[in-house]
Amino acid sequence: VASSSWQDQPPGAMAGADSDDSLYPIAVLIDELRNEDVQLRLNSIKKLSTIALALGVERTRTELLPFLTDTIYDEDEVLLALAEQLGNFTMLVGGPEYVHCLLPPLESLATVEETVVRDKAVESLRKISHEHSPVDLEVHFEPLVKRLASGDWFTSRTSACGLFSVCYPRVSSTVKAEIRQHFRTLCSDDTPMVRRAAASKLGEFAKVLELEYVKSDIISLFTALASDEQDSVRLLAVEAGVSIATLLPQEDLEALVMPTLRQAAEDKSWRVRYMVADKFSDLQKAVGPEITKNDLVPAFQNLLKDCEAEVRAAAANKVKEFCENLPEDSRETIIMTHILPCVKELVSDTNQHVKSALASVIMGLSTILGKDNTIEHLLPLFLAQLKDECPEVRLNIISNLDCVNEVIGIRQLSQSLLPAIVELAEDAKWRVRLAIIEYMPLLAGQLGVEFFDEKLNSLCMAWLVDHVYAIREAATCNLMKLVEKFGAEWAQNTIVPKVLGMANDPNYLHRMTTLFCINALSEVCGQEITTKHMLPVVFKMSNDQVANVRFNVAKSLQKIGPVLDSNCLQTEVKPVLEKLASDQDMDVKYFAQEAISVLSLA
């Protein structure tokens, strides 16, 4: 920019002072950076890379960055945008050898009060840490981490927690010792927010440490955080425990990690137990088959029987994964003797979220337990859930039918499940009927065309004349999906005749449904079936007594026009639309004229 230092110019002066037209927009952007209007400042921050490119790397370093560092007292959304932009600024300040110039503004941003801004600043700092050379990392980056870690405000100390793991692997052993010490200090900080931040980063930090320090430092920190007075700290320690378990040799797990995790599974706070249930599959993989058999099976049973519904629901969600990950030699025995009794109780749980969580995974057990066990033990549970008063439970079972179908075959399944499907399809609550319609294409795919025609086709047709419009609409969409699955020939033989038969229904709403079905089916059935079978019915309906039906004829012709050939459009469709365009009803006229113009028939 022409002026020696653009920072010293009063707002508005830049645009006038600038004789070089190519830099004029930059002057405007810089003015905007200092404008009173937040939106203008935000826009300018988002174009910061444009300003930096125009200024060049040297002036970006010596003028723009100091200016940004000095003005970090702004609205949160502006600061958030700035924190994000600076993470992509390495090349704009001259590449990796100058990347440390970005540290001062990001350090300031990492200490502000608003959490999302701090998090974004930490994310950008982590990003640019990889672009520092090992020397620069020790000279510039690591001192920044230490300053944040020993800052007076908890905000800076929480930010520091996220930076240890990125610089630790690339510094000298002396500096590594200092970093470990800082992390230890933060784990016992007076402020719960800082301990929470440390607990959330403990697993990540453990992954970059040498094994000896994992054992000597991290385990004691993990144990302390897992028994912190604040449950919000303890639950984050659970996640760290899973990460730590993956790092330790098998022989150390039992002594170093399991006592703390066992304690967490029985914690007095349900939120901590919930976290254990939520992370159970990861924990299982981390500790291996022996500890799973001895320790985790009883712990999982307790979580499935927990007094808090949220914990039971989280554990129920993990039933399938837990069973899949059990050691093969004892899998069936453990499931049948320890897990299945708990699952049976959950099927009639008092809380619908628990039952729903179970219903979404229980079908998966059939592939693990095989045909005989599924028929004897699981099928009765599925049927009980299909009769549950909660629609979500019933739908979760139906949406996962394919797992069971693979194991016990369609005949066995249909005898048991069909009555339940029919019951849902005719449920008094229209939202339940709506949900089962949405699963119909999935069911059709699982059950095959013969079975579908024999048992479910009539249901699909019955929905077309439901008294609720949303059901009729969904049923129309369902037909289209079924034709996509089973093909146009099936449609011509099975669906189209029934749909066209409704054109003579005394109820005009049902006659209109015929038109909606034709709209949906014309595309998937193609030109021949549409021209030969559907179009004559649409023409006939153009003489309907009810104006609503007539204007829907015009809309239908507009919709199916692109499927027809040009000759048919000119000789057959055009005369019908012209006749409707002179109808005495205003709406019929309007839609007919619109169809004529859209189809270019004027």
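Counting starts with 1 at the first residue shown.
Cβ coordinates come from backbone N, Cα and C, glycine included.
Annotation comment: TrEMBL describes 25-63 (among others) as repeat 'HEAT'.
What TrEMBL lists as domain 'Phosphatase 2A Regulatory Subunit A helical' is 102-283.
Within the chain, the repeat 'HEAT' (179-217) has long-range Cβ neighbours (under 8 A, six or more residues past its boundaries) at 142, 145-146, 149-150, 154, 157-162, 164-165, 167-169, 171, 224-225, 228, 230, 232-233, 236-237, 239-244, 247-248, 252, 256. The repeat 'HEAT' feature in TrEMBL is assigned to 179-217 (among others).
Residues or ranges marked as repeat 'HEAT' in TrEMBL: 218-256 (among others). Taking DSSP states H, G and I as helix and E and B as strand, the repeat 'HEAT' (218-256) has 33 helix, 0 strand, 6 coil.
Sequence-distant neighbours of the repeat 'HEAT' (257-295) (same chain, 6+ residues past either end, Cβ-Cβ under 8 Å): 219, 222-223, 226-227, 231-232, 234-239, 241-246, 248, 250, 302-303, 306-308, 310-311, 314-315, 317-318, 321-322, 325-327, 330, 334. What TrEMBL records for 257-295 (among others) is repeat 'HEAT'.
Same-chain residues lying 6 or more positions outside the repeat 'HEAT' (296-333) and placing a CB less than 8 Å from one of its CB atoms are 262, 265-266, 270, 273-274, 276-278, 280-281, 283-285, 287, 289, 339, 342-343, 345-346, 349-351, 353-354, 356-358, 360-362, 364-365, 368-369, 373. Annotation source TrEMBL lists repeat 'HEAT' at 296-333 (among others).
Sequence annotations record features per position, and here TrEMBL assigns repeat 'HEAT' to 339-377 (among others). A Cβ distance under 8 Å defines the sequence-distant neighbours of the repeat 'HEAT' (339-377), meaning residues of its chain 6+ beyond its ends; these are 297, 300-301, 304-305, 309-310, 312-314, 316-324, 331-332, 384-385, 388, 390, 392-394, 396-397, 399-401, 403-404, 406-408, 412.
Summarising the annotation, TrEMBL assigns repeat 'HEAT' to 378-416 (among others). Secondary structure of the repeat 'HEAT' (378-416) per DSSP, as helix, strand and coil residue counts: 33 helix, 0 strand, 6 coil.
The repeat 'HEAT' annotation in TrEMBL covers 417-455 (among others). Remote same-chain residues near the repeat 'HEAT' (417-455) are listed as 382-383, 386-387, 391, 394-395, 398-399, 401-402, 405, 410, 462-463, 466, 468, 470-471, 474-475, 478, 481-482, 484-486, 490, 494 (criterion: CB distance under 8 Å, separation of at least six residues from the stretch ends).
Annotation source TrEMBL lists repeat 'HEAT' at 495-533 (among others). Remote same-chain residues near the repeat 'HEAT' (495-533) are listed as 461, 464-465, 472-473, 476-477, 479-480, 482-484, 488, 540-541, 544, 546, 548-549, 552-553, 555-556, 559-560, 563-565, 568 (criterion: CB distance under 8 Å, separation of at least six residues from the stretch ends).
Helix, strand and coil residue tallies for the repeat 'HEAT' (534-572), in that order: 32 helix, 0 strand, 7 coil [DSSP]. Under the heading repeat 'HEAT', TrEMBL lists 534-572 (among others).
Among the features that TrEMBL reports, repeat 'HEAT' is placed at 573-602 (among others). Here the repeat 'HEAT' (573-602) is broken down by DSSP into helix, strand and coil counts: 22 helix, 0 strand, 8 coil.
Below 8 angstroms of C-beta separation, residues 343-344, 347-348, 352, 355-356, 358-367, 369-371, 423-424, 427, 429, 431-432, 435-436, 439, 442-443, 446-448, 451, 455 of the same chain, each at least six residues beyond the ends of the repeat 'HEAT' (378-416), sit close to that stretch.
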